[in-house]
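Novice: Here it is, the structure in full.
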Amino acid sequence: MDWGSLHTILGGVNKHSTSIGKIWLTVLFIFRIMILVVAAERVWGDEQDDFVCNTLQPGCKNVCYDHFFPISHIRLWALQLIFVSTPALLVAMHVAYRRHEKKRHQRFRIEGSLWWTYTSSIFFRLIFEAVFMYAFYFMYDGFRMPRLMKCNAWPCPNTVDCFVSRPTEKTVFTIFMIAVSSICILLNVAELCYLLTKFFLRRSKKAVNAKHHPNHENKEETKQNEMNELISDSCQNTVIGFTSS
C-alpha cells in the first residue's frame, strides 16, 4: 500500500485545518502509519507460520488459526486507517472544488459549506475509530495476546494447545496502537467541540449585532429607494420638458 500518496493528499488539507486537526494528522502519520509500516509488519510477519499446535491432524492448525485470528491485526489496522482517512479526502475534494473559484494557494476559512464538510468528516472519523476499537476488542477477546490458546474446532481430534509467536511483543504493539487510536478519538472530540463552540459564538455575535443595529439594512434599502425615486423624477421631468417644448 502506498501510504506516501495518502500523505501527499492529506497534507494539502492540513493547511486548511485547525491546530487540533494538524496535530491529529501528525499523530496519524508518525505514530500510526510509520509504526505500522516500519515495526508492526515485521512483528506480525511470521504470524501464521509460527502458530504451532500440538497435533499432527491435517487442517487442525489452519482451522484454529482462523478461529483465533479471523482477520490479521495488520490488515485490520490498515483497513482502519483507510476508513479514518477517507472523510479527510472529502475535505480535500471540497477544497479542490473551491480552488476553481478562488486563488489556487489561498487558505480557506472553515465556514459555510466547507464548515459542514469539515465537521462531518470529523464526526465520521470519530465513528470509525470507535467502531474499529470495539470490533478489535470483540474479535480478539481483548487487547492482550495470550501465550496459550486451547482449540477444539473440527477437524481437531480433541482439545489441542496452540502457541502464538512473540506474544509479549505483539501485546505491547497492540496496546500502543490502541492508545494512539484513543488519543486520535480525544483529538477528534476536542476539534469537534472547538468547531461547534466557534460556530455558536459566531451565530450569537451576529444575533447581537443584528439586535444593536436592527435598521442598518433598512437604512441602506431606504437610501437606495430614495435615489431611485430621484432618478425617476429627474427622468420624468426631462421627458415632460421635452414634450412641452
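Backbone N, Cα and C define each Cβ position, glycine as well.
TrEMBL does not curate its annotations; it predicts them automatically.
Sharing the record's features from TrEMBL:
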{"type": "TRANSMEM", "residues": "23-40", "note": "transmembrane segment"}
{"type": "DOMAIN", "residues": "42-75", "note": "domain 'Connexin N-terminal'"}
{"type": "TRANSMEM", "residues": "77-97", "note": "transmembrane segment"}
{"type": "TRANSMEM", "residues": "118-140", "note": "transmembrane segment"}
{"type": "DOMAIN", "residues": "128-195", "note": "domain 'Connexin cysteine-rich'"}
{"type": "TRANSMEM", "residues": "173-196", "note": "transmembrane segment"}
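Could you tell me the structural context for the features on the list?
Specialist: Here the domain 'Connexin N-terminal' (42-75) has long-range neighbours at 36, 139-140, 149, 151, 153-157, 160-166, 169-170, 173-174, meaning same-chain residues at least 6 beyond its ends whose C-beta is under 8 angstroms from one of its own.
Assigned with DSSP, the residues of the domain 'Connexin cysteine-rich' (128-195) fall into helix, strand and coil as follows: 42 helix, 8 strand, 18 coil.
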Novice: Is the transmembrane segment (118-140) packed against any residues at least 6 beyond its ends, judged by a Cβ distance under 8 Å, and which are they?
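Specialist: That would be 16-17, 21, 68-71, 73, 76, 79-80, 83-84, 86-88, 90-91, 94, 110, 178, 181-182, 184-185, 188-189, 191-192, 195-196.
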Novice: Treating G and I as helix alongside H, and B as strand alongside E, what does DSSP give for the domain 'Connexin N-terminal' (42-75) in helix, strand and coil?
Specialist: 14 helix, 2 strand, 18 coil
